[in-house]
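Quick look at what Swiss-Prot annotates:
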type	residues	note
BINDING	R28	Mg(2+) binding site
BINDING	P72, R73, S74, G86, V87, I88, D89, Y92, G97, I99, R115	dUTP binding site
Amino acid sequence: MIFFMFNMNINSPVRFVKETNRAKSPTRQSPGAAGYDLYSAYDYTIPPGERQLIKTDISMSMPKFCYGRIAPRSGLSLKGIDIGGGVIDEDYRGSIGVILINNGKCTFNVNTGDRIAQLIYQRIYYPELEEVQSLDSTDRGDQGFGSTGLR
């Protein structure tokens, strides 16, 4: 029922700007793909254990009540490449950059036009926060960090 709280037309296009001729339009690789691939606009070299901000030279407006989540590509994850950060706020209009982290043992090269991450649009809820003295209790309580896993 929360879906109806958001007065949003899911068929409205998301507007984006290619800031340079090096930019490549975000694309989905299949009709059922959750994310739109983002592409590097430049060449980069990322040594093992280092991170690099990768420029896409794309800016866009997020739909109302949505944010963009920058997620890793599974093929890059297999090579030890991960994403740092990863939230594009609804009101952000600047250039989209992707922080790649090389957790692998070899230098990783990014070439112009390489798919570096995927952008997933997700609805967001802006609750009012209320400070209280204590929270209601649950069976789980404060047990976290693997407490519900196998023992």
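Backbone N, Cα and C define each Cβ position, glycine as well.
Positions of the features from Swiss-Prot, shown on the structure.
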residue : record              : DSSP (3 states)
R28     : Mg(2+) binding site : coil
P72     : dUTP binding site   : coil
V87     : dUTP binding site   : strand
G97     : dUTP binding site   : strand
R115    : dUTP binding site   : strand
If you rank the binding-site residues R28, R115 by how many other Cβ atoms lie within 10 Å of their Cβ, the lowest count goes to R28
In all the protein chains shown, the tally of other Cβ atoms within 10 Å of the Cβ of P72 (dUTP binding site) is 19
Spacing of the two Cα atoms, G97 (dUTP binding site) and R28 (Mg(2+) binding site), in whole angstrom, works out to 18
Among P72, S74, V87, D89, R115, i.e. the binding-site residues, the one with its Cα nearest that of R28 (Mg(2+) binding site) is R115
